[in-house]
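**Student:** OK, TrEMBL features for this one:
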type	residues	note
DOMAIN	A:25-471	domain 'Amidase'
ACT_SITE	A:Lys80	active site, charge relay system
ACT_SITE	A:Ser155	active site, charge relay system
ACT_SITE	A:Ser179	active site, acyl-ester intermediate
Amino acid sequence: MSDLIKLSAAALGEKIAAGEVSAEEVTRAHLDRIAEVDGRVHAFLHVDDEGAVQAARAVDAQRAAGDKLGPLAGVPIAIKDVIATKGIPSTAASKILEGWRPPYDATVMTRIRDAGMVMLGKTNMDEFAMGSSTEYSAYGPTFNPWDLTRIPGGSGGGSAASLAAYEAPLAIGTDTGGSIRQPGAVTGTVGAKPTYGGTSRYGLIAFSSSLDTPGPCARTVLDAALLHQVIAGHDPRDSTSIPLPVPDVVAAARQGASGDLTGVRVGLVKEFSGEGAEPGVMAVFRDTVEALTKLGAEVVEVSCPHFQYALPAYYLIAPSECSSNLARFDSVRFGLRVGDDGRNSLEEVMSLTREAGFGEEVKRRIILGTFALSSGYYDAYYGQAQKVRTLITRDFTAAFEKVDVLVSPTTPFTAFELGARTADPYQMYLADLYTIPTNLYGGPGISVPAGLSDGLPVGLQVMAPTMADDRMYRIAAAVESTVGTFAPPAL
Amino acid sequence: MSTNVLPTYDDVVSRYEPVIGLETHVELGTVTKMFCGCPTDFGAEPNTQVCPVCLGLPGSLPVANRAAIEATIRIGLALNCSIATWCRFARKNYFYPDMPKNYQISQYDEPLCVDGYLDVEVDGELVRIGIERVHLEEDTGKTLHVGGATGRIHGATESLVDYNRAGIPLVEIVTKPVPGLGARAPEIAKAYVAELRDVIRTLGVSDVRMEQGSMRCDVNTSLNLPGAEWGTRTETKNVNSLRSVERSVRTEMLRQAMVLDGGGTITQETRHFHEDTGDTTSGRSKETATDYRYFPEPDLVPLAPEPVWVEQLKAALPELPRQHRARLKTEWNLSDLDMQSILNAGAVELIERTVAAGASPEAARKWWLGELSRRANADGVELEAVGATPEQVAKLQVLVASGKLTDKLARQVLEGVLAGEGDPEQIMAARGLEVVSDTGALTAAIDEAIAANPEVAEKIRGGNQAAAGVLIGAVMKTTKGQADAKTVRELVLARLAS
Ligand SMILES: [Zn+2]
């Protein structure tokens, strides 16, 4: 095992730029690690050895030619399979897209390539990002490197696990209800959901258009910020992308690392006082808040009365949008086709394909969403959920008049055992209890490792106002500077 | 339904009152599609004008075309609509293979333009047609079902889809229900579509060619007894010529009357119009129609046209057809009746172009309403498809005005034009139709005629000018009619004057 895989992305970038190590060496070290452990972790659905080595060599050639390299040039990265990558399978962990190779790159991917980063492969996830454990992947679950009998969170379990298992120093996730932050929390890694519209959705295979947000996954706050800086910024291909400058999240992370939070007002959400959360999680949370106080932050409690309706509102809005977004998977233009034997009608082929191609959770949400949008039910369900969304946004706006950021545990419980929550969808949905309000509001949120409970990681969530992503990086970096980082037992 | 006897039209309108409504789709002539950068050219090889966005590939996102929004607002303004200060696109969800995403980005309860009207002139009388809404959406692809008996999806062995059309901006213009038209309903429906077409053509936002499908009509028709509530309506789909608009309303009125007379009820349904027979047949029933599950399109931000911009667009609207026609009537010094006959013949633009190409309004009108209208009628084609261009007609008239052609010869040249033999000068030369104006040749012919008819010449010398007819006839015979009779007469009289 090469020591290179334990280094941060920032350190790798510096070493490559300084010529202390080649991008190819770094890439090969990670590919070797994947070959060594991924049989047990199953973080990856597809590894692109050849493409990765080629990309690394291109960076080395640039350096040899005297080009100045960016901070992450030559640094490897794992990409969640929901991101379209040109010529590389992009399945969103669904059977219905098995073997589909997009003819184009997502904007996030284009920016990653432009930064000279090296894509290692595509990571496992819950099918179409619907789930909180990666158990709903059509290609089998991912296992948490902290304990291979436990889930790595979801939907972006593969990205988070690849970091915890040292298979990649950076990864891309997407966060619709917590799919970056919750896996970060249960794997002891950092996961940031940028402001909605701060990162482009172009090329992100849509689950819920008004919520989906691509973002960085890393082992350190600074690494996450560096990746955030690469992928963020206005994209004319995404109408919902915000045409404003990207907040300087890297500077904020460096500032936070100094450990001084004097004058920062931190809000505790009264409604997230721990009901339904594991005591061990709440204990770590209280200790972290205590630590923030010691760093000079002023901690106050704020009330967000409508947060209690966030989960039901989310489970109307997200399925409604998904029922429409997933209609295109019909076998006509791409992906799986079932029953095209000359006897079945076109409608039957579409129907058979969707029956065979979608997993249970995806079907559940399509059915739920189809119902919620139906004529006669729209006002009571989708319409009502949108009103709740407005109220939750008001709660955030009011809270941010009193405090700079809000904090909470990222998820009510540590990594649970495989199979523990698949029987009851609601038990699974509770994993995103604390992360969902941020998605409905559209602001940024980050999960940073805060401690361990019974030997398993616990994350602290920092939530900030829209387009104030820098603020959450500062607080997260300060937490990291106090509590340190957490490494899983050797695999 | 006990009877199956089709009543006469006069009988139907004496007992029932029709209510009509029209939904017209117009493909905008923007350079690029509604939500992506693909070109919109008609007739390209299938599936060559496509990209991830208009193919609905996973992960792709739409970006609204500003030019299409501008064109829609201009249509709305020309139709006297209010323009929304804030509105959204919506998704219309239904499964069909020519819809790449299995939803259509359209507008639902927040259209861009609402509540306007279009005044339509029928037989010199203005009829105001209310406009419910004008909204913007994307067109679907085109499906070709191969191997079935019907050309429909059922029974087909293969279905081929061309997505070149998918994503072309489509404007839908919906009228309010129009009651009270009585027997004139079919005619007014046609006049409305014709006027709408002219308005849109004047705005320059679409080529509005019904035969190419860039303008398509759905016609709603219902019948009710006088004083009773409006009847159940049917929607006749894809009525694709002006003539068919008129026929489809008429056909549907007759059919519904037959059903009602027989004690039956009208089913709310879509019906297909058949150009060949003029019949409509039942399509999909609305009772089992899809629930489109409309909801605001989350991939697009709301539209909020700046009022200042809308004002600028309004101020820059061109002269609309009705004002334009009023101006032409004055400029051409026409009576109401003359103007009406030009309108009825669909000849306004043709005459205008002929005048622009150098003919006098009087002459241009004479050609288009006379010889060319007769010819179009005989051939069963629209006047503009008769086979002569306004430029050719103008050239022909210039030849007449300069004395190179007589009216009679000009008609022969026009024959050549309609037969595709080329431009008037070429035909005149090729057919040897030019007026014989060479005085030497005429003088010889006249001398010959005088020599052959000495006694007639004597009478003329004696002052009997009426006798000249004989000599003129002889000269015309010699010149095979290519001499100008008036000139010949003058030359004959001059020759015998001394
Ligand atoms: Zn396109």
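Glycine too: its Cβ is placed from the backbone N, Cα and C atoms.
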**Student:** List the Cα distance (Å, whole number) between A:Ser155 (active site, charge relay system) and A:Lys80 (active site, charge relay system).
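**Tutor:** The Cα atom of A:Ser155 (active site, charge relay system) is 9 Å away from the Cα atom of A:Lys80 (active site, charge relay system).
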**Student:** Distance between the residue listed as 'active site, acyl-ester intermediate' and A:Lys80 (active site, charge relay system) at the Cα atoms, whole Å?
**Tutor:** 11
**Student:** Excluding near sequence neighbours, so keeping only residues 6 or more apart in the same chain, what lies with its CB under 8 A of A:Lys80 (active site, charge relay system)?
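**Tutor:** Non-local contacts for A:Lys80 (active site, charge relay system): A:Lys122, A:Thr123, A:Met125, A:Gly156, A:Gly158, A:Ser159, A:Ala171, A:Ile172, A:Gly173, A:Thr174.
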**Student:** Grab the pLDDT values for the domain 'Amidase' (A:25-471) and give me their mean, rounded.
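**Tutor:** The answer is 97, the mean pLDDT of the model over that range.
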**Student:** Within 10 Å of the Cβ of the residue listed as 'active site, acyl-ester intermediate', how many other Cβ atoms can be counted across all chains shown?
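**Tutor:** A 10 Å sphere around the Cβ of the residue listed as 'active site, acyl-ester intermediate' contains 37 other Cβ atoms.
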